[in-house]
């Protein structure tokens, strides 16, 4: 069957001969009406220049597909003239989805900025409270051990938040067993508990202990800046051990971090407490980097519940197996304190609480917002500590120390660049160039239109060429 619209669109002339239409129709199906020419060939339709679409029209008419209207075939839908796919309802739903996506992105960014502020504040507070605690209680390993014990609260806090948000009826023991699959399909056994937890717990304790020792030798600003070098060490270890992708810009950032370390050590002439403090801070950054690389190697990308389970397990290991170290240091007079009532429990609990809040924000923030914002929050602790040292402790920074701090921070920022940063930058610059070219073309078009209108106003007549 060849409909009228199909003939006219294909450019054929009206026919002079008409044959009676004898066909059966399915009940309820629409039948085409009217037309200047209709040709029926007994068993098969005549294929004209537009024959493919005419055959499709006949199939659609017989089957009643899409509530058939004459000429409603694929070429119509491709042209979009009679397409019913884009209805006002679908446009509204698409706009609502776009609005919802933009809203979610905006909320995620705002939440990330708030998370950055909280992480930076908690880390600055932790560092400054350590300096205050050392004024009356100079036992860095005991402080590190006491603060690490608070990690046992990580999983109870996670479970409380999980119950409030999801309202699941799992008991704490059931949830704990579910998250213990991080240790294997059989869950956590005594052998796996010691094998998996011991190295990470030791690295965790060493990181904190070396950081506290460095704070006894250097200012909070210098130690926090040197600790930011752990990002460069993570890249180098991941490149060597995990075979991560090589990136030239990150090699440059690692060189800048090493340069800043050397300049920081040179600030006081490579002698005295300065060189010792720099070595301790770099050691803390190194053990922190080793901890993160090993975590990625053996435990992979764990969920928030599994991370909470693991940190609580490390706190439990620290309480059971590492408690002997403070006692040994006490009896050997290396770290001696008086009675338990004479300890500055206010500072100790405040320090441990801030450290726990910092760890919670870091691990929760990675799930809720962008990981790059979490790293920026750690970096912002450097100017935060500098402001406190300058205003409260009246610390005078030398030019060499300031230059070293700026170089380390710049290297830290370079390490935050994504792997495809070069191609993304090139596409961005190309889009800007294309936009400028389009704007320039529009300006030329507008100027030409204005010129023509002025020439017509002055009586000039343009004669078109034949």
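Each position is counted from 1, following the chain as shown.
Just so it is clear, glycine is given a Cβ too, placed from its N, Cα and C backbone atoms.
Since the structure is predicted, the reported quantities are computational estimates derived from the model, not experimental observations.
The compositional bias 'Polar residues' feature in TrEMBL is assigned to 1-11.
The annotation compositional bias 'Basic and acidic residues' is assigned in TrEMBL to 75-85.
Positions annotated as domain 'EamA' by TrEMBL: 112-265.
Under the heading region 'Disordered', TrEMBL lists 1-30 (among others).
Annotation comment: TrEMBL describes 73-97 (among others) as region 'Disordered'.
Marked as region 'Disordered' by TrEMBL: 443-466 (among others).
Residues or ranges marked as transmembrane segment in TrEMBL: 106-125 (among others).
The transmembrane segment feature in TrEMBL is assigned to 137-159 (among others). Proximity of distant same-chain residues to the transmembrane segment (137-159), defined by a Cβ-Cβ separation under 8 Å and at least 6 residues beyond the stretch ends, is recorded for 130, 172, 175-176, 179, 201, 204-205, 208-209, 212-213, 216, 304-305, 308-309, 311-312, 314-316, 318-319, 322-323, 325-326, 329, 335-337, 343-344, 347-348, 351-353, 355-356, 359-360.
Annotated transmembrane segment per TrEMBL: 193-212 (among others), in sequence order.
The transmembrane segment annotation in TrEMBL covers 224-242 (among others). Outside the transmembrane segment (224-242) by six or more residues, the chain places 123-124, 127, 211, 214, 218, 250, 253-254, 257-258, 260-261, 264, 278, 281-282, 284-286, 288-290, 292-293, 296-297, 375, 378-379, 381-382, 385, 404-405, 408-409, 411-412, 415-416 with a CB less than 8 A from a CB of the stretch.
Summarising the annotation, TrEMBL assigns transmembrane segment to 248-267 (among others). For the transmembrane segment (248-267), the residues of the chain that approach it from at least six positions outside its boundaries are 222, 225-226, 228-229, 231-232, 235-236, 274-275, 278-279, 282, 398, 400-401, 403-405, 407-408, 410-412, 414-415, 417, 421, judged by C-beta separation under 8 angstroms.
Residues or ranges marked as transmembrane segment in TrEMBL: 274-295 (among others).
Feature annotation from TrEMBL assigns transmembrane segment to 307-331 (among others).
If you look at the transmembrane segment (343-362), the same-chain residues 6 or more away from its ends with a CB under 8 A from one of its CBs are 115, 118-119, 122-123, 125-126, 129-130, 132-133, 136-137, 143, 146-147, 149-151, 153-154, 157, 311, 337, 374, 377-378. The transmembrane segment annotation in TrEMBL covers 343-362 (among others).
Annotation source TrEMBL lists transmembrane segment at 368-388 (among others).
According to TrEMBL, the feature transmembrane segment maps to 395-417 (among others). When Cβ-Cβ distances below 8 Å are used as the criterion, the transmembrane segment (395-417) is approached by residues 219, 221-222, 225-226, 228-229, 231-232, 235, 247, 249-250, 252-257, 259-261, 263-264, 266-267, 372, 375-376, 379, 382, 386, 389 of the same chain, each at least six residues removed from its ends.
At the 8 Å Cβ threshold, with sequence separation of at least 6, the transmembrane segment (274-295) lacks contact with the transmembrane segment (307-331), having fewer than 3 such pairs. The transmembrane segment (307-331) makes contact with the transmembrane segment (193-212): 3 or more of their CB pairs lie within 8 A, with pairs spaced 6 or more apart in sequence.
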